[in-house]
Amino acid sequence: MDVLQKLKNNQRRIGLTGGIASGKSTITNYIRKHKNIPILDADNLSRELIKPNTYGYKKILDYFGNQIIDTKNNSEKAINRKLLRNIIFKHSESKEWIDNLLHPLVKEKMIEECIQYKNNQTIVLVIPLLFEAKFEDICTEIWLVKCPRELQKKRLITRDKISEKEAYETINLQLSFEEKSKFSDIILDNSDDQNKWINTIREIL
């Protein structure tokens, strides 16, 4: 049986997505605090899937070699995620390889988690690259966080301590808001006033 067919048809699976530094974490934290709803995070699952001795870890080590191991900050020989990000940012072929490895693994794991929550009427799936990784088919609806590029840029520079040029390049690696909005059901406006998206969530969740 196709693993997708195991998902309950009457379960509401909300795919929450948006550009980098658009405010997904802020909205996720609000839902976690005010709603008794399970939240699955694709980034967290991705981190779990590249821990030492996992399939993903071994494949990455085979591809990049020992240079990708963080030998200074841990004794477990975990992958240096900052170095990995820098590599795939600069080398498109490495990014494509990582995407082809991790996206299917994360999707499979997320489906398994959804099945575990089969008795929950509603769950939220936080998937930053929902469209890029083609996760649409596991969601029953898609919520997109709206944030102006300038605000994204400022948040990204502050959060990741990178240059303005690097911030723009990182933002441009993802699909634009305009493109994503064509395939989204709900827009959560996180431009300035949080009450905008808070009121929207109160109405529909």
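For all residues, glycine too, the Cβ spot is worked out from N, Cα and C.
According to Swiss-Prot, the feature ATP binding site maps to Ala21, Ser22, Gly23, Lys24, Ser25, Thr26, an assignment based on sequence analysis. Its Cβ placed at the centre, Ala21 (ATP binding site) has 21 other Cβ atoms within 10 Å. Classification of Ala21 (ATP binding site) by DSSP places it in coil, neither helical nor stranded.
Marked as domain 'DPCK' by Swiss-Prot: 13-205.
Looking at the domain 'DPCK' (13-205) alone, the prediction's average pLDDT is 95.
For the ATP site, the Cβ centre of Ala21, Ser22, Gly23, Lys24, Ser25, Thr26 serves as reference, and the other residues of the chain with Cβ at most 8 Å from it are Gly18, Ile27, Val145, Cys147, Arg155, Asn190.
Thr26 (ATP binding site) falls within a helical segment according to DSSP.
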